[in-house]
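Here the structure is laid out as structure tokens; the discussion comes afterwards.
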């Protein structure tokens, strides 16, 4: 089947922002102007098209990134039809994983900022993730109609806080309730949208006289940014003092795709102004799948290979999101990097080493769906009926294996026990939890051997709350939830040069004999676990060495202090002995485990606790109280910044154990006027009094 839209007219973009910057409303307007939605869905009344889970509509926040396809010909109908796949990403910090996994499959992003709030804490997290995956992006300053809106202050913050290089393509006409439109610096015309048509019609007008000087100054900056793209353009600019419209657009496009600059636009999505011009900028400046480098992967032998965005290449795709759908069951969202995927095809999952048959293929429009026969290179779609595919895995051609880069997922920092309310719910709960864990790699489920309880772990209180809520709504499972528990870790501080483990049972008949000598030493934070085989002269036979490693690894999940997982240790096996008849794998496994436990005791074991990066936005009057409160929670205040619309941002590092119930506390401290975000930073050694309490509580 020939392409309806050539690949150079595809745009895979993410819309990403801090909570409350108006991202979902912006996406709604995009869907409206691209002719998909005929009545605009408002977040205010819980009817936004992109936010399709019940909890999202109730809470007014976006949790899952729905992928939607839309078409655009330019606000003046001046482009050939372009196909835009939009991935809506959540702005709440507990859902950073969603942002991370969508960044992996995007070609470009539109970052939405609030004209009053400016660059907020989550904006910085999202910006870092976009840097990590090298995503070209543009900035849209929303809510220009709000009191305190200031486009130029946000411009400064993008430069200072994010170290971005913003280049305004438009500047606002007025602000707050006098915001009437924008000045297009490329055309040097004012754009005024027609309110009666909800902004679908507009007209170009002359620049208001009082803004002429400002417009010329910003136009100069735009043309300079364009001229810097090549020596040829720079020479022309120096000779003539100006550049053609087509030259400016081509140069800004080139520099945006290279990540050197970030085009900046503004408007108010709620009042139907500015999103239309931003959509034009998506087409003019953001890359198509063929404007970015081919995707890297490895073949079965570990050699590096590349896949180009071309239908004639062998098929490869990345599964970037799983969702349970009430009508069709499990949906797997895939980004096709090369080749073509047809329904009925059999493909290969190299991570699991299994074949998968492709059932129906759906193109999603928020919560509507259209069945299609095939997905071409560069496109995004949802596949029904995959049996065993997890987020971040590759699907590829059966005869041309490739593993695309794995995504990295963070370790959970908070745990809770869950119990079904009735016997009947027991089995259903197991099924529900495993389905949810498959969809969300930052959510883990395990069974506590001692208490027999089911423990769920995630990225924050809200994260777990929403998953328990989904269990009830989607699977009909009622559960009681225990108090949140901190995910502590254990490690060592000193090196134990020699520790012995001997497992001997010899009382007639076939006995057991395993004897090892280990060196146990600490690794740098994040080092995990390392096992070194330094046996010389066969004192421990080759075939038993993996058993020693296995014995140690089986000890790692429960440390000697309080039974928490052990991290950042290196173990070297350098001596031991064996018995011709009585030695076996099990004996060496036991010996390894015994020696390691003893080694930990001798190597100054310590308890590690998760430290969180906490950022609080508060009116200035309450800043002192907020800082005092954070200090009383063993927090280290690391700095304070000014917000665009007044107020302060306080940055601190606080142990997670001290942050439970913080939302309620902050509300009463600031009369509900402050907000905060929190994300995991690193593990750090818990003070002795804290460690003693935790160990005593676990020992009960």
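Don't overthink the numbers, they just go from 1 along the chain as shown.
Glycine too: its Cβ is placed from the backbone N, Cα and C atoms.
Quantities reported herein were computed from a predicted structural model and do not represent experimental measurements.
According to Swiss-Prot, the protein has these features:
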type    : residues              : note
BINDING : 17-24, 88-92, 142-145 : GTP binding site
DOMAIN  : 8-290                 : domain 'tr-type G'
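Long-range Cβ neighbours of residue 144 (GTP binding site) (same chain, at least 6 residues apart, Cβ-Cβ under 8 Å): 115, 151, 172, 175, 176, 179, 266, 267, 268, 273, 274. Around the Cβ of residue 17 (GTP binding site), a 10 Å sphere holds 28 further Cβ atoms from the protein chains shown. The domain 'tr-type G' (8-290) scores a mean pLDDT of 80 in the predicted structure. DSSP assigns residue 17 (GTP binding site) to a strand segment in the three-state reduction.
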